[in-house]
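Note sheet for the following structure.
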Amino acid sequence: MMESRKVLLPEGVQDLLIDDCIYRRHIENKLMENFMQSGYMEVSSPTLEYYDLFSNDYLASNGDKMFKLIDTNGGILVLRPDCTVPIVRIVSTKMKDFVYPLKLCYVQNVFRIDEEQAGRKREFRQAGVELFGVASYRADGEVIITAIESLKNLGLENFQIDIGQVKLLKGILQTIGIQETEKQAIINHMENKNFIELDRLVEGLPIEADIKTILKKLPRLFGEPCEVLEEVKKLPLTVSMLEAVEDLEKVWRMIESYGLGKYISLDLGMVTSLKYYSGVIFKGFTKDLGVVLLSGGRYDRLMKDFDMDCPATGFAFVVNMITKALKIQENLKVKKKKHILLLEEAGSPAMTSAKVEDLRKEGYIVEVCLLEDTKEILEYTGRRKIDGIMRINKEGNLEKVQELGGL
């Protein structure tokens with residue numbers, strides 16, 4: 001007999017119980033605190049958006065990954081599949097007159113129809129930043145530095161940020177006369193580091209020898225920044241390609257000047273499934289978990305779709321992946337408040353209320369006991385891991401009845 005769906009969950013979603021909620025709130029609060037201390041301001045977009053918002057040339061290929069609904073007026077709605085695009089909508093329609101550079105941050109749910117693998121869910125939380133109005137490398141460096149400092153403040157260890165440059169590959173693919181299917185095959189082989197198939201494909205294309213050399217070499221250039229930059233400058237690059245490399249080098253030098261160079265690796269074969277990126281891109285990993293913890297990059301071209309000639313860059317953390325990584329490293333440390341169970345006994349309701357307020361102001365978790373049987377009270381405090389039991393005596397003062405976890 002099939003189990004009733006009323007007790008089942010749809011594929012790709014999950015319930016969060018008490019500890020997981022505590023961990024998530026702790027991580028999100030720490031991230032948002034760090035964002036705001038860096039000058040970012042919080043915004044929020046609705047869960048429901050019109051499908052048209054995500055139907056531009058850069059996102060249309062992801063249409064099959066969106067949850068779609070039909071509105072009562074016949075319009076097609078989607079559950080938010082991305083956080084950056086809605087924030088671009090907000091900026092272009094409601095924040096054009098704000099002071100720029102404009103620095104925004106968020107924590108929101110995202111919904112995508114992906115195959116569940118490596119812990120990826122169809123509903124997940126993203127926390128991120130978006131920086132509008134700065135075209136120079138300093139904006140790219142700033143957001144990457146913000147990402148690194150945020151992970152450090154959470155206590156994450158052994159993480160790495162891989163940085164790439166979209167302009168290199170896109171610049172080549174836009175100028176050579178080959179089929180779109182062949183361009184996509186090049187991208188796929190680069191993404192998967194499938195050097196054998198990439199070399200075979202490139203050698204068979206009717207393109208210049210110098211372009212073939214660059215296409216075959218780019219995905220092999222990854223690792224220590226100095227070595228990667230030295231090798232890429234040996235290639236027969238065009239002026240625009242060389243400028244893209246120099247821009248990438250400036251970003252790395254800026255991060256290094258902040259004493260954070262040890263977290264950086266370059267990957268000139270990095271590609272991304274979100275086509276709206278137009279410059280420096282990056283992804284974050286940890287050696288303990290082989291999945292992406294964060295990703296981001298520059299998306300100036302996307303802004304023009306919303307009639308704004310405004311440079312922009314940003315990134316998003318995948319909160320549940322960060323939680324998982326911290327658990328694996330045993331670095332998920334949440335400072336818990338002392339928990340008191342207060343017995344009313346001799347105290348009046350008004351007196352009890354006053355004492356509860358005083359204790360909570362001192363930083364304690366206080367709950368008034370609803371049980372009467374002593375055995376039940378002791379069993380409850382033990383199973384809830386309550387730190388101590390207190391009561392109000394006849395003089396109206398608080399006194400300890402039992403100390404369980406050290407008050």
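Placed from the backbone N, Cα and C atoms, the Cβ positions cover glycine too.
Record features (TrEMBL):
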- 23-407: domain 'Aminoacyl-transfer RNA synthetases class-II family profile' (DOMAIN)
- Asp82, Cys83, Thr84, Arg112, Gln126, Glu130, Tyr276, Tyr277: L-histidine binding site (BINDING)
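Cys83 (L-histidine binding site) is surrounded by 22 other CB atoms, counting those within 10 A of its CB over all protein chains shown. Under the DSSP three-state reduction, Glu130 (L-histidine binding site) is assigned to strand. Under DSSP, Thr84 (L-histidine binding site) is assigned to a helix (H, G or I) in the three-state scheme.
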